[in-house]
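Q: Before we start, here is the structure in question, set down as structure tokens.
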Amino acid sequence: MLGIRAMLVMLDYYWIQLITNNGTRSNNTDTIFVSLLTGPNGVTRTAIGGLYSNYTNLTGAFGFTSTNMSATNSSAEDNWSVTNLTESCINRGESYVTTIWLLDCTKNDTYWYYGNAYNHTCEGTISGYLLGMCKLWKSWVNNITSYNTVRVESLGNETRCMLLPRQYTLNATVEWYNKSEGDVPEEFMDYVILTPLAVLTCGLQEAYILDKGRRYMYLFSVSCVGITGTVSIILVSLSLLILICYYRCGRLLICPRGFELLPEFTEEEEEKEKLLTHNDIEVQVPIRTRRLLVPWIRESKMWVLPPPLPPRPPHLIEFPPSPPPSPGPMHMVVCMPA
């Protein structure tokens, strides 16, 4: 697992470098959008990006609501985050909820909002939060050394993304930060080549991809643990069964039917066995018969001799032919003349 994480970190770094080399700087204005995304397990993602200044003509089509900015001085804070908002006014649940704010940082009188991630009846802190985001954006654009970099910050329970210093249209912004499915807007296409490996824009589609990947990785790891545990239990059970059979049945894996373990030799019998001589062994029954299965083998039915065959009838008995008689003694007769 450590090797996989190290590889992902390297890919994240490569992806960020790839993104930073593909963009060009646009003429930025003080008009920005700020997004707030909440989801399951306390996930909070915020994003800040530039916006074309002609967005006022499109607020009606998307249902944005205009609200007057309350008099708030944000200069006391240098690093505003969702902790500056009223926590009870942030809507959190088991599903993803988004809110998009639009404002002109040069006009501290009005802002527009769309979405349900924040309860806008809590107007005490929202104005200061948005003015703090304006301050962060100006600092990001003015002090950035490379205009083709992405800044991702982890602030405790919040992930904040400072987008490339470009200007995005309202259509693309709403589609990327409010829709979980659909085609990727062309303006955000540079960010999505390897989005499962890095949080670059804190968008809704990106959050779905990341969280689904993490969920699948978790299920895969749990499945591996379950399979490993099951295999281990099976192996331990088989090992115990083999050991029981080994010690219970005299080193046999399967006990014969009807077999009873004979008692082991006593110390006295062991001593007597040591005193046996060669002549005694020739006469004795095989040594250590109690440890062998000789008694069981001899008494088993498979070793009983079959009954003898009946005698053959006399007429079928064939006797071998008798040998020819030996010739009689031969006598020599000698005739003498008279």
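Glycine is no exception: its Cβ is also placed from the backbone N, Cα and C atoms.
Since this is a predicted model, take the numbers as computed values, not measurements.
Take a look at what Swiss-Prot says about it:
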| type | residues | note |
| --- | --- | --- |
| CARBOHYD | Asn27 | N-linked glycosylation site |
| CARBOHYD | Asn54 | N-linked glycosylation site |
| CARBOHYD | Asn57 | N-linked glycosylation site |
| CARBOHYD | Asn68 | N-linked glycosylation site |
| CARBOHYD | Asn73 | N-linked glycosylation site |
| CARBOHYD | Asn79 | N-linked glycosylation site |
| CARBOHYD | Asn84 | N-linked glycosylation site |
| CARBOHYD | Asn108 | N-linked glycosylation site |
| CARBOHYD | Asn119 | N-linked glycosylation site |
| CARBOHYD | Asn143 | N-linked glycosylation site |
| CARBOHYD | Asn171 | N-linked glycosylation site |
| CARBOHYD | Asn178 | N-linked glycosylation site |
| TOPO_DOM | 26-223 | topological domain 'Lumenal' |
| TOPO_DOM | 245-338 | topological domain 'Cytoplasmic' |
| TRANSMEM | 224-244 | transmembrane segment |
Q: Between the Cα atoms of Asn108 (N-linked glycosylation site) and Asn68 (N-linked glycosylation site), what distance do you get, rounded to the nearest Å?
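A: With distance taken Cα to Cα, Asn68 (N-linked glycosylation site) is 9 Å from Asn108 (N-linked glycosylation site).
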Q: About how far apart, in whole Å, are the alpha carbons (Cα) of Asn119 (N-linked glycosylation site) and Asn84 (N-linked glycosylation site)?
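A: Each residue's Cα considered, Asn119 (N-linked glycosylation site) and Asn84 (N-linked glycosylation site) end up 14 Å apart.
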Q: Only counting partners 6 or more residues apart, tell me which same-chain residues put their Cβ under 8 Å from the Cβ of Asn68 (N-linked glycosylation site).
A: Asp109, Thr110
Q: In whole Å, note down how far the CA of Asn178 (N-linked glycosylation site) lies from the CA of Asn143 (N-linked glycosylation site).
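A: About 30 Å separates the two Cα atoms.
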Q: Using a 10 Å cut-off on Cβ-Cβ distances across all protein chains shown, tell me which of the glycosylation sites (Asn143, Asn171, Asn178) has the largest neighbour count.
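A: Buried the deepest by this measure is Asn178.
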Q: From the Cα of Asn178 (N-linked glycosylation site) across to the Cα of Asn84 (N-linked glycosylation site), what is the distance in angstrom?
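A: About 23 Å separate the Cα atoms of these two residues.
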Q: Using all protein chains in view, find how many other C-beta atoms are within 10 Å of the C-beta of Asn84 (N-linked glycosylation site).
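A: Its Cβ shell of radius 10 Å holds 15 other Cβ atoms.
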Q: Going by DSSP, give the three-state secondary structure for Asn178 (N-linked glycosylation site).
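A: Assignment for Asn178 (N-linked glycosylation site) reads helix.
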Q: Asn108, Asn119: which of these glycosylation sites has the highest Cβ count within 10 Å of its own Cβ?
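A: When each Cβ's neighbours within 10 Å are tallied, Asn108 tops the list.
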Q: Whole-number answer please: how many Å between the C-alpha atoms of Asn178 (N-linked glycosylation site) and Asn171 (N-linked glycosylation site)?
A: 11
Q: Mean pLDDT over the topological domain 'Cytoplasmic' (245-338): what is the value?
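A: Looking only at the topological domain 'Cytoplasmic' (245-338), pLDDT averages out to 61.
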